[in-house]
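Enquirer: Annotations for this protein, taken from Swiss-Prot, read as follows:
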TOPO_DOM  1-11  topological domain 'Cytoplasmic'
TRANSMEM  12-32  transmembrane segment
TOPO_DOM  33-50  topological domain 'Extracellular'
TRANSMEM  51-71  transmembrane segment
TOPO_DOM  72-85  topological domain 'Cytoplasmic'
TRANSMEM  86-106  transmembrane segment
TOPO_DOM  107-212  topological domain 'Extracellular'
CARBOHYD  Asn127  N-linked glycosylation site
CARBOHYD  Asn152  N-linked glycosylation site
CARBOHYD  Asn167  N-linked glycosylation site
CARBOHYD  Asn183  N-linked glycosylation site
TRANSMEM  213-233  transmembrane segment
TOPO_DOM  234-253  topological domain 'Cytoplasmic'
Amino acid sequence: MGQCGITSSKTVLVFLNLIFWGAAGILCYVGAYVFITYDDYDHFFEDVYTLIPAVVIIAVGALLFIIGLIGCCATIRESRCGLATFVIILLLVFVTEVVVVVLGYVYRAKVENEVDRSIQKVYKTYNGTNPDAASRAIDYVQRQLHCCGIHNYSDWENTDWFKETKNQSVPLSCCRETASSCNGSLANPSDLYAEGCEALVVKKLQEIMMHVIWAALAFAAIQLLGMLCACIVLCRRSRDPAYELLITGGAYA
C-alpha cells in the first residue's frame, strides 16, 4: 500500500515537472506581453515600477524551467538530496509568486490615478505629426480602443492643436471604422467614437495586471502540489525500511 502511494506520488511529480516546463513558457509569455503593452501605453502610464511584477514573473518562468529539469532527474533517480533541493527551490519560487500577486494588486490600484495624471499632459502636447511620439501614442490608442478624447470627443476642443488648426475637427483616429467618409468634423458626431480613452486605458492596464496575478496564483497552486508530492516521496523513503532497501538494492543505488 505504501509502495503504491510512493509510485503514485512519483508519477504525479514527474507529470507536474512537465507542467512546470509549460508553465515556464506561459509565464515568460505573460511577462513579455506586459512589456510590449507597456511600450504601447507608456505615455499614459509613466510609473516604470509597474513593470516589476512582469520582470519577476519572467525570472520565475526561467527558474521554473530549471526546476522542472531538477525535479525530473531527482524523481527518476529518487535522489533524497535532489528532491530536498527541489522542494526548497519550489518554496522560494512560491514565496516570490506571492510577492508578485501582492505587487500586482498594489500597482493595479495605482493605475487609475497614474493614467488620470498622465493623459491630460499627453493630450495637451498632441500636434498631429507622425514623428511626434505623443501624437503617435494618442492615435494608436484611439484606433485600438475605439475611443476619442479623454472623456469624450469634445475634450479635443480644449487642446492647443484644435485651436491652432481652426477647422472644427478632431484627429482621424477618432473616426469609427464603419464611417468611410469621416473627416473628423465635429459636425458629424455620429462618425466619431463616443467613449473617452481614459477609462478604456485604465481598464486595459488593469486587465493586463490581472493576467499577471492570475498566472502567478495558478502556478503557485501547482507548485504547492509539487512540494506535497516531493515531501511524500522523501518521507516514505526515510521511514519505510522496505522502500529504502528497494532503492539501495536497485539500479539507482
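Every residue gets a Cβ built from N, Cα and C, even glycine.
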Enquirer: Measuring Cα to Cα, tell me the gap between Asn127 (N-linked glycosylation site) and Asn183 (N-linked glycosylation site) in whole angstrom.
Expert: 17
Enquirer: Determine the Cβ neighbour count for Asn127 (N-linked glycosylation site): the number of other Cβ atoms within 10 Å of its Cβ.
Expert: 13
Enquirer: Which numbers of helix, strand and coil residues does DSSP report for the topological domain 'Extracellular' (107-212)?
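Expert: Per DSSP, the residues of the topological domain 'Extracellular' (107-212) fall into 65 helix, 4 strand, 37 coil.
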Enquirer: Between the stretches 12-32, 51-71, 86-106, which wins on the count of C-beta pairs under 8 angstroms to the transmembrane segment (213-233)?
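Expert: Going through each listed stretch, the top one turns out to be 86-106.
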Enquirer: Rank the glycosylation sites Asn152, Asn183 by how many other Cβ atoms lie within 10 Å of each Cβ and give me the one with the fewest.
Expert: Asn183
Enquirer: Under a criterion of Cβ-Cβ distance under 8 Å and sequence separation of at least 6, what residues of the same chain contact Asn167 (N-linked glycosylation site)?
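Expert: Residues satisfying the criterion: Ser185.
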Enquirer: Could you tell me how many residues in the topological domain 'Cytoplasmic' (72-85) are helical, how many are strand and how many are coil under DSSP?
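Expert: Taking the topological domain 'Cytoplasmic' (72-85) as a whole: 12 helix, 0 strand, 2 coil.
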Enquirer: Roughly how many angstrom lie between the C-alpha atoms of Asn152 (N-linked glycosylation site) and Asn183 (N-linked glycosylation site)?
Expert: 17
